[in-house]
Amino acid sequence: DSALSCSLQNVGEQGHMALLGHSLAAYISVLDRERLRKLTTRILSDTTLWLCRLFRYENGSAYYHEDDREGLLKICRLVIHTRYEDYTVEGFNVLYTKQPVIYISSAARTGLGQALCNQLGLPLSCMCRVPCNTMFGSQHQMDVALLDRLIKDDVESGKLPLLLVANAGTPGAGHTDKLGRLKELCEQYNMWLHVEGVNLATLALGYVSSSVLAATKCDSMTLTLGSWLGLPAVPAVTLYRHEDPSLSLAAGLTSSQPVEKLRALPLWLSLQYLGHDGIVERIKHASQLSQRLLENLKNLDFIKTSVEDELSSPVVVFKFFREYSSRDQTSHAVQASTIQHPIISSERHLYDTFNQWLGEQLAQLVPASGVDVVELEHEGTCVRFSPLMTSAVLGTEIQDVDQLVDCLKLKIPVLTSTLQLREEFEQEVRRTVGLLYIEDLDWPGLGVVRYNYHSDGKNDDKQEKELEKINTELLKKLNELESDLTFSLGPEFGGQKNCVYIGMVTEDLDVSELVETIAATGREIEENSRLLENMTEVVRKGIQEAQLQLQKANEERLLEEGLLRQIPVVGSVLNWFSPFQASPKGRTFNLTAGSLESTESTYVSKAQGTGTTPPPTPTSSIAKQRLPGQKVFKRSLRSSDAFSETSSISHCEDLEKIDPRPPALSPGHEQGPLETEKTEEQEVAQATKTGTEDFQSEKSPNDCTKAEEQESLR
C-alpha cells in the first residue's frame with residue numbers, strides 16, 4: 001500500500017491530466033460527426049507536430065498504439081504493400097515467389113521476431129537474426145560487415161530484403177547501433193530502417209551524441225513517452241515518413257474513423273501541461289542521474305561498468321568482479337574498462353550468483369533508484385540503472401543515487417570477503433570428519449555443508465529421516481548462537497535437501513572455529529539421538545523381561561498357595577481359617593543400569609532407592625575465551641590474544657608468590673586411623689551422590705588433599 005501511494009504521489013498532476021484524457025475521449029466520442037471530425041483532426045495534427053519538432057523528426061506522420069510492438073507491425077505491413085505491388089490482390093502468393101526477409105539484432109527484445117512472424121503470417125525463416133560484434137566495437141552493436149554478407153546471400157538466393165530493425169539503446173545494456181552505416185546499407189539494398197530504444201529520448205536535449213542523432217534520418221522510430229515522462233496510460237508513438245496515404249491506410253497506420261484518432265487525446269493534454277521545457281527537464285534530469293552514478297562507479301574497486309559512452313550514457317550497467325593477480329597483473333589499472341567475464345565457467349556462474357544477490361540487495365535498500373538485474377550474453381548477470389525508464393515514475397533524485405553508491409560501498413567488502421573465504425571454508429569442511437561439502441554455485445554465500453549421519457545398517461528411508469532430523473536440529477542450534485551469520489535451509493526451490501546454507505560473511509570470520517562448531521554440534525545431536533534410541537530399546541526389552549518375570553512369579557504363587565485357595569468361595573474360607581503369609585514381590589526398572597531389580601529392599605526400607613545418576617549429556621568443548629562484546633566466529637586481534645595470555649600467566653605467577661606452599665596439611669599433623677576412615681567414607685558418599693565414578697575422570701590429588709585438610713582442621 002505504501003509503495004502504491006508513493007507511486008501515485010510521484011505521478012503528479014500531469015498523470016491526472018493523462019487519465020482525464022481518457023474520460024474526455026469517451027465524452028467527445030458522442031458528439032455529432034462533423035464536430036467530432038474537426039476536433040479529432042486538430043488533436044492529432046497538433047500532437048504529431050509537437051512530437052516531430054521535439055524529437056527532430058521532420059515531415060513525419062504518427063501512429064498511436066497501446067502495444068509498443070504494434071507500431072513496428074504496422075510498419076512491416078506498410079513495407080510489404082510498398083515492395084509487393086500485387087500484394088493487395090494476390091496476397092501470400094506474391095510472398096511465396098519471392099520470400100521477404102526481416103533483419104533484427106541478436107540484442108533485440110526477446111520474442112520480437114517470433115511475434116512479428118505470427119502477426120504477419122510469415123514463416124520463421126523470414127526472420128534473420130544479425131549477430132553483434134565479437135572482435136571490434138561494442139559487443140551489443142550489430143555487426144555491420146556480417147549484415148552486409150547476410151543481405152548479399154539472401155539476394156543471391158532469390159529472397160527480398162525487406163526491413164531492418166536497429167536499436168538506439170538495446171534492451172539490456174542500452175548501446176546504440178551504428179545507425180549511420182546501417183542507413184547507408186539500407187539505401188544500398190532499398191530496405192526500410194526502423195529504430196527503437198530508450199536512447200531516442202535524448203533527441204529532445206540540446207546536446208545529442210552523433211550515434212543517436214543519426215536516428216533522425218531513419219524511415220521510422222517508436223517512442224515510449226509514458227515511461228520517459230512518467231505518464232500513465234498514454235499510448236506509444238511510431239513516427240514514420242511515407243508519401244502514399246493509401247498504402248498507410250491499407251497498412252492500418254491511419255484510420256478514417258474519428259474515434260480512432262482520439263487515442264492521442266491523453267498525450268495531447270499531458271504535453272500541453274508539461275510544455276517543452278518540462279519535457280526537456282525530465283529527460284535531462286534522468287541523464288544527469290545516470291552520469292552521476294557513472295562518475296561514482298569509476299572510483300570503486302572491483303566494480304566493472306559496461307557503457308557505450310562514458311561522457312553520456314543514459315543506461316549504466318555494472319557488476320562486481322574481482323580479478324586475481326595470477327591471471328591479470330594489471331587488473332587494478334583497468335578498473336573502469338569494459339566488463340571481462342572470468343575464464344572458468346564455474347567462476348562465471350559464481351559471479352552471476354553474487355551479482356544477482358547484489359542487485360536484489362540494492363533494489364531492496366534503495367527502492368527509489370529503480371535498479372534491476374539483467375542477463376547479458378557476454379557479461380553475464382549485471383545490475384542495470386536506467387533512469388529514463390524509472391526515474392519519472394519513482395521520483396528518483398540525486399540523493400537516491402548517492403545512497404545507492406553508499407550501499408554499494410558497504411556491500412563490496414562483504415562480497416570480496418565471502419569470495420575469498422569460500423575456498424578456505426571448502427577446504428576446512430573437506431578436512432573435517434563428519435561433514436560433507438555441497439557444491440552449489442547458485443547460492444550467494446559462504447557455502448553449503450551437510451552433517452553426515454552414520455547409518456549403522458539402517459534402510460534408506462530411515463536414514464533419510466534421521467539425516468533430515470539431525471540437520472534440522474543443527475540449523476536450529478546454529479541460529480541460536482549469537483553471531484552475525486545467517487544459517488538457512490537454502491532457497492525454496494532448486495536447493496539441496498538436508499543441508500545448512502551459510503550466507504554472506506565479513507573478513508573477520510574465523511572459518512576454522514565455524515567448521516569446528518558445526519561438526520561438534522552435529523556430533524552432539526547425533527550422540528543425543530543415539531542415546532535416546534538406546535534408551536528406547538532398553539526400555540522395550542525391560543518391559544518384555546518384566547512381563548516374563550511377573551508371569552513366572554504368578555505361577556510360583558499359584559504353586560505355593562495351592563489350587564484350593566484359587567476357588568472363589570473355598571479360597572476365602574480357607575484363607576480365613578489358615579491365612580497365607582507371602583512377601584510382596586515386585587520389579588523396578590533402573591533406566592541408568594538398564595536392568596530389572598527387585599522391590600524387596602523398597603518394602604523393607606519403606607523408601608525407594610535413588611540408584612545411579614545417569615551420565616551427563618555430552619556437550620561440545622569448543623568455547624574459547626573472547627573479548628567483552630565479541631560475538632562467536634569472530635577473529636580477535638593478535639595483540640589482544642597476546643595480551644590476554646600474558647595477563648593470565650602473570651596472574652598465576654603472582655598467586656604463587658603470595659602463597660608458595662602447596663595446598664597440603666599443616667606441618668606436624670599426623671593423620672589418625674579414624675580420620676582416614678572418615679575420609680574414605682566421605683569419598684564413597686561423594687561418589688555415590690554424584691554417580692559419576694564410571695563416566696568422569698578420577699579425582700586429582702589436590703582435591704583429596706583439600707578434603708583431608710578440611711577434615712583435619714575440623
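Using N, Cα and C of the backbone, Cβ positions are placed for all residues, glycine too.
Predicted automatically and left uncurated, TrEMBL annotations should be read as such.
In the predicted model, the coiled coil (536-563) has a mean pLDDT of 71. If you look up TrEMBL, you'll see 536-563 marked as coiled coil.
The compositional bias 'Polar residues' annotation in TrEMBL covers 639-650 (among others).
Taken from TrEMBL, the feature compositional bias 'Basic and acidic residues' applies to 651-660 (among others).
Residues annotated as compositional bias 'Polar residues' in TrEMBL: 685-695 (among others).
Here TrEMBL flags 696-714 (among others) as compositional bias 'Basic and acidic residues'.
As annotated by TrEMBL, domain 'PDXDC1/PDXD2 second' applies to 313-419.
Residues or ranges marked as domain 'PDXDC1-like third' in TrEMBL: 425-530.
What TrEMBL lists as region 'Disordered' is 602-714.
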Request  = Helix, strand, coil: count each for the residues of the domain 'PDXDC1-like third' (425-530), based on DSSP.
outcome  = 48 helix, 15 strand, 43 coil
Inquiry  = Quick check on the domain 'PDXDC1/PDXD2 second' (313-419): DSSP residue counts for helix, strand, coil, in that order please.
reply    = 57 helix, 16 strand, 34 coil
